[in-house]
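Peer 1: Input: one structure, supplied below.
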């Protein structure tokens, strides 16, 4: 019988010193993904702004106006509800360099009423109420150019989509280690180049390149750590690898507070990727990949190194390692296999919708917080903290209660929290923060559970394909989310939350249509996957009837 890596790790250590060392190193990689995934909150922060009008600054200085008086005297008031504010995107067509203006009410000297004064575009740029800078303030991504901020964030998600779709083949073809080192090098270079980009176009190009490699590198780190540990620890290290990403969120909030200028922030969060190049000497190639390439001797050498690091010794009977042979006819998976049969088709549609919804709500809530929050740094920090209890609740519930009910409940909590936030008055900001944190915790749980359940619902020969196809909807959601958030807030600040609420509640209801996978073996065939929903007693009754039918002709 073939000796597998899992068999050897039972003797050489499934999660001992070596695996803990690898987990720490790869967890650092996971943490540095946070600034790329949600850094738009700080990089693309849009402060209060108004049109710059030549002569206003000089008049304000001559008259000794306070900032509030300058706004009241020289800037149009807010527009009607549901319309973009003229204060931000329009200015009075007035020559403020005239010496006839009075300091008390300068516009009163004009013949026409203030409400009838002609308004024009911001030809001379904007004045931003912020001590720092962002890509919005530097490249004037406001008013007619505000869609360029949406495009900036969508570009990184386009990169995620392309990179994650191709990373499986690349990592299987060239190895995990080479692929990891290549992605971190490109990610580091693109991040630094983005920080010194002279124009919006160059910044957009480097952001797209970051998207192409950053999520791919994060996924390779996930693959590596799960391949280094024994089977009993894979789920746990997978969850804690995502917890490391949450630590990255907390660090990002602190760094962004210390560095309010986007170029320095981008440069600082990109530098650690150069450190990961040292992993060439720290992290070995995956033994499982080496075996798949028939490099058994090299795989055995690495496994002996793992055992030595763990203070273990391998029995002589386990000194030879062979790849398990697949029996039966080899099947070639295709997309049609995901929709050909009724139950698997239902699973595919629900999983795709849940991946999409998880991405939209997760990224959307963070982006909306950047627009609606009073203190962007504290709000971001508090909402990131709730991801820790989310991870521990998953660990406590999925093997006790199951996957389906916690998954459905987390989606519904996220959706209900979004809807509840809409109706909380602005003077109850503390309550709004608590409800928002509940929503963030709910969607974090949903996001992590869909990663787990996706693989458990598909038979072996289409499992990888099913995970890749369904999870690609996560990146599609990320592409759409910036346009959804930033465009809808121009209509009404709370409108995105209403959309998120409906999406989350529907996702929770659809999850209840899926079978429970707790305690069930992974399906090996289409038939097993199709029968997952059926109660066991019905299956036994069907088998009994079949036996009776077979007995009748023999009498």
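Backbone N, Cα and C define each Cβ position, glycine as well.
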Peer 1: Choose the correct range: of 96-116, 117-137, 264-284, which one does Swiss-Prot annotate as transmembrane segment? Give that range.
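Peer 2: So the range that Swiss-Prot calls transmembrane segment is 264-284.
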Peer 1: Can you check whether Swiss-Prot puts residue 13 on the same side of the membrane as residue 262?
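Peer 2: No, Swiss-Prot places residue 13 and residue 262 on opposite sides of the membrane.
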Peer 1: Choose the correct range: of 495-515, 516-536, which one does Swiss-Prot annotate as transmembrane segment? Give that range.
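Peer 2: Going through 495-515, 516-536 one by one, Swiss-Prot flags 495-515 as transmembrane segment.
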Peer 1: Labelled transmembrane segment by Swiss-Prot, one stretch among 178-198, 304-324, 325-345. Can you tell me which?
Peer 2: 178-198
Peer 1: Sequence-remote contacts (6 or more beyond its ends) of the topological domain 'Extracellular' (199-208), Cβ cut-off under 8 Å?
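Peer 2: Residues 135, 139, 141, 148, 151-152, 155-156, 158-159, 190-191, 193.
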Peer 1: Counting Cβ pairs closer than 8 Å, which of 209-229, 239-259, 376-396, 495-515 has the most of them with the transmembrane segment (415-435)?
Peer 2: 495-515
Peer 1: DSSP helix, strand and coil counts for the topological domain 'Extracellular' (436-441)?
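Peer 2: In the topological domain 'Extracellular' (436-441), the DSSP-based counts are 6 helix, 0 strand, 0 coil.
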Peer 1: Within the topological domain 'Extracellular' (486-494), how many residues are helix, strand or coil going by DSSP?
Peer 2: 6 helix, 0 strand, 3 coil
Peer 1: I'm a bit unsure how to read this: which one of 23-43, 209-229, 239-259, 349-369, 376-396 has the highest number of Cβ pairs shorter than 8 Å with the transmembrane segment (495-515)?
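Peer 2: It is 349-369, which has the most Cβ pairs under 8 Å.
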Peer 1: Can you tell me which of 209-229, 239-259, 376-396 gets the most C-beta pairs within less than 8 Å of the transmembrane segment (349-369)?
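Peer 2: It is 376-396 that shares the most Cβ pairs under 8 Å with the transmembrane segment (349-369).
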